[in-house]
Each structure stands twice: as structure tokens, then as C-alpha cells.
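Encoded as C-alpha cells, the structure appears first; notes follow it.
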Amino acid sequence: AELRVERRFVPESCPRAVRPGDFVRFFYLGAFPDGTRFDSFFGLGPPRGSAGSPPFFRPRVYTFFWGSTFNVFVGKGQFFSGMDQALVGMCVNFFWFVKIPPKLAYGSFFFSGVIPPNAVLLFFVLLIDLWNSEDEVFFQTYFKPEKCPRTVFLSDFIRYHYNGTFFFLTLFDSSHNRMRTYDTYVVFLWLIPGMDQGLLGIFLGEKRIITIPPFLVFLEEGDGKEIPGQASLVFFLVLLDLHNPKDGIIFLNQQVPESCERRTLFLDFLRYHYNGTLLVFLLFDSSYSRNRTYDTYVFFGYVIAGMDEGLLGFFTGEKRRIIIPPHLFFGEEGRGKIPGSAVLVFFIHVVDFHNPSDSVFFTVNYKPSNCTVLSFFGDYLKYHYNASLLFFTLLDSTHSLGKTYNIVLGSGQVVVGMDMGFFYMCVGERRTVVIPFFFGYGEDGVEGEVPGSAVLVFDIELLELVSGLPEGYMFVWNGEVSPNLFEEIVFFHDGEVLLEEFSEYIQAQVDSGKGKLAPGFDFEKIVKNMFTNQDRDGNGKVTAEEFKLKDQEAKEEHDEL
């Protein structure tokens, strides 16, 4: 005698229940108490795994296939009063059993030749959609990043993924299936009505559910394909990218050294590491994975315009995040792993930089008060050093070896920049020498030790200095030279001098203090070189006619000129 409603399936959540005046779309199956079906707005297939006809009140054993929905306004007399009452309070995805007495159905009337007078009607109802003409676009955020400096505004260009479903969560479209984001400007009339409203204010990386009532989208007709008429649409989307055509490059400093005397300028040469990601931190490239810095000139056109601008103003050792809009990078086409119209983020760490006009630069860290003897070309030096890259990565150290490094200044035993850094230095002095790569190991570097195009930093301490000889000399006399020098050398020989005899004589002069050899060189090599210069006919002997001192050779050459 009374209306009876039983909930056969209730979803976990019900954000909204049916109210009078709502428009609803639902499937139903109508039958009499004996199980005879009189109407249906979904197909009913044969029972699964059962013999005979099961009781109607156990519909779960049937296979359902969906047809057209029954669409009606609730509470406006478009259905008999029992169903109007039963629908109020239902939620989408509710599966209800409704028993309606005759007084709330068709009463004593014989309806359509199907329903007899005073019939009790049974309905199984599955609600799949509801909306009201006063509804607006509704959105719900179910994930939001902790930090986001910007939200979507009108005229922004965005890239997002979405799943499009009905209220009943039946999928009708998905960008994931196409494996490509949906890319669009947020401008009225560019998107389906209501979607532009739902996208405004969304954060990068935010996941949002946008529900759009049908009167804002496809109205009664649907789209003629997947979307039926009067259907509310639900979009599950995640925003992956956004920018505005007016955007420029954005710099976010992450780590700045405490002190730095110089920033990068136009035409500087930089070495830097980077991670390149999309705006949602999807990595597409990294110099770290190649274990090598990226080396380039700034504003020589070697990198894209946006990166050129982004590399200006760096300190050595600075870490910076650079955000580059697509119109300053690869544009709408993209390249490789970079999709079209993608905003790119580079995490940059500048390792070193210099300018082609740079020279060797040094700072004096300590100088003794008594600093009278200064190093010069040809001097023999003993020193300690720590060698590092500009960002303090240690390359080598004599301290770890427990011995000094010894060179003749200007003889090419070290890189040119190191020779330049040692000039006019006194014993006990400490310096920091900065050497551009073209005065160091060049573009190739030293495999496994010094990277190519690297600026080098040497912390040096001069421990010992032996004054060298004038340029071009390997041996000099400390006093007056004997006018009978050749006769002294050949005193015990027959007017000719062999290499062994010449070597013995030079050694004797050095031992007695009468002569001095160039420091830092091998004695035998010096003597052999001196002997070869005197042995003008190359027969392994020096005669009186061949023998000449260096100043005599210079005078003869001058006279000849």
C-alpha cells in the first residue's frame, strides 16, 4: 500500500542528491510482482550461469547492455507521482529497487494495454546523470602542488591531459589514449563552453575534476557521436604546462656564492652542467648523464635565443633555474623528446667562464717583508701547488705527493699561463693564479685529468729560487775569461778537443766556481749542446779555428750583416 525504496548499491560518495526541479537521466527496468517485465530502458540479456528464470529481485545475475536513457524533470508531473517521489534523494550511480503501489502509479486505469488496473509496479533504477538549469561549471581539486607561483589566466596557452567521462564515469574521450596532450589557448570560444571557466585559476601540476552541465555544452542533441543529448560531462585533468605569449625568461636563483668578482657577459665562454626538464619536471636531457659540461659562447648564436639570454649575469659556481617559454625555444614544433609548445626548465650550474680577451690573472696572498730577489726567465724554481678548476674541484697537489715541483721558468716545462704567473715572485711568496684555457690545456684538456676548455686555478708557494743565466746562454763565466781558453782546454791534447775532454773541462770550471751552468737542466745534455755548437764541421772534434765564445759569434754575425 505504501511506496517502498531499497538501496541495492550505494557509491562511496554522493556529492549531490536529486532535488525537485532537477533534470535526471536514468536507466530502469519495470516489472510486475510475478517477475513479468513490462518496460525497460536498458537491455536485459540472458542470466549468467543459471537455469530457468531467476527471481526479478535478484537482477545482479543478468547481463546489462546500455541503450537510451529515460530523461525527465523531477517533480514536474512528467512521470507518475510514485517515481517522482522515489527519485528525490538519489545520487548518481545509485542502484535502487522501487515498489510503487497503484495509488502512486496508474491507479485503476488500464495503461497502454500493458499495465492492468490497480497494478503494483516494481522498478530497478540506475541513476546516471542529474543537473539543474541553475547549475554552473563545478570543479573540484583533488591534488594541488605545495608551491606554484602562477595560475592560469585568460589568453594563456596551456597543455594538459584529460579523461572525459559522463556522470556515470563512462569514458568517451581521453588524451592519454592518443599519447599527446591537449594544447590550447584559454580564450572564450576556443574551448567547449564551460571548459574555459573550469581551467581558469588552475595551478601547474594541479589535478582537477571539472563538471559541465549539458546546457553549456551540447544541449539536447549531443555531439552525434559519443556524447548523448542532455548529458553532463566530467573531465579529470592534470595541467602540465602553461605560458603566455607575452612571457619572457624567468630566472630563479637557487644558490649564489658568497663572493664573486665577476658575472658572465656577452661573448664570454661558459662551461656549465644542466638538467633540462619540462615544466612538470619530466627530464628530457642532462649533461650530468654524459659526464661532461656543456661548453659554449654566449650570444654567438651557438645556443637558442632564450638560453643565450638566460646565461647572462651568472657567477662562477652559481646554480639557477631558468624557465623559457616555447616562442624563445623550439616553438610549436618541438624537437626530439621536447613536445611542441612546451615550456622548458633548465637547472644550470656554471662551473667556469672566461672571455677570449682575458689574460692570466693572479692575486698575491702573502709576500715576505724581505723580497728583493725576484724570479725571471731562466730561473730555476722549486714550489708547491694545489691545482683546481674554477669551482674548486681539486685536480692535483704536490702536497699529496710529498715533494716539490721543479721547473726552469720560461722553458716550456709547464703551461704558458703558469710561466706567466711565476714572473717577479720571491721565495716564500704565495699566489693564486687563474689561467684561461687558451693559456692552459686548450679545448682538448688532458684526458681523464683536465676537462677541455677549463679555466685552471693554481695556489702556488715558491720555496727556492736559483737565478738563471741570460737568455740564450747555457754556461757563463763568473770572472774574466782567459785569453788562451782554447789552449787551456787542449793543454794535454794534440790541438783537438773531443766531447769527453770538453765535458771534463767544463765540470772542473763549475766545481771550482769559475763557471756556471744553467740551473735545472741535465749536465750532459748542456755540455753536448755546447760541444755541438763548437764542432762546426760535425766531425766530433773541435779545433782552434772552430772554437769561439758566444760574444765572438755575435760580433762576427754583426760584421757580416
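Glycine residues also receive a Cβ, built from the backbone N, Cα and C atoms like all the rest.
The annotation domain 'PPIase FKBP-type' is assigned in TrEMBL to 21-131 (among others).
The domain 'PPIase FKBP-type' annotation in TrEMBL covers 155-243 (among others).
With DSSP states grouped into helix (H, G, I), strand (E, B) and coil, the domain 'PPIase FKBP-type' (267-354) comes out at 12 helix, 37 strand, 39 coil. Taken from TrEMBL, the feature domain 'PPIase FKBP-type' applies to 267-354 (among others).
Per TrEMBL, the feature domain 'PPIase FKBP-type' maps to 378-466 (among others). When pLDDT values are averaged over the domain 'PPIase FKBP-type' (378-466), the model yields 92.
For 522-557, the entry in TrEMBL reads domain 'EF-hand'.
The region 'Disordered' annotation in TrEMBL covers 537-561.
The transmembrane segment annotation in TrEMBL covers 109-131 (among others). Panel annotation: around the transmembrane segment (109-131), residues 8, 16, 18, 22-33, 38-39, 42, 56-57, 59, 69, 82-83, 86-87, 90-102, 166-168, 213-215, 230-232 of the same chain, lying at least six beyond its termini, place a Cβ under 8 Å from a Cβ of the stretch.
What TrEMBL records for 184-204 (among others) is transmembrane segment.
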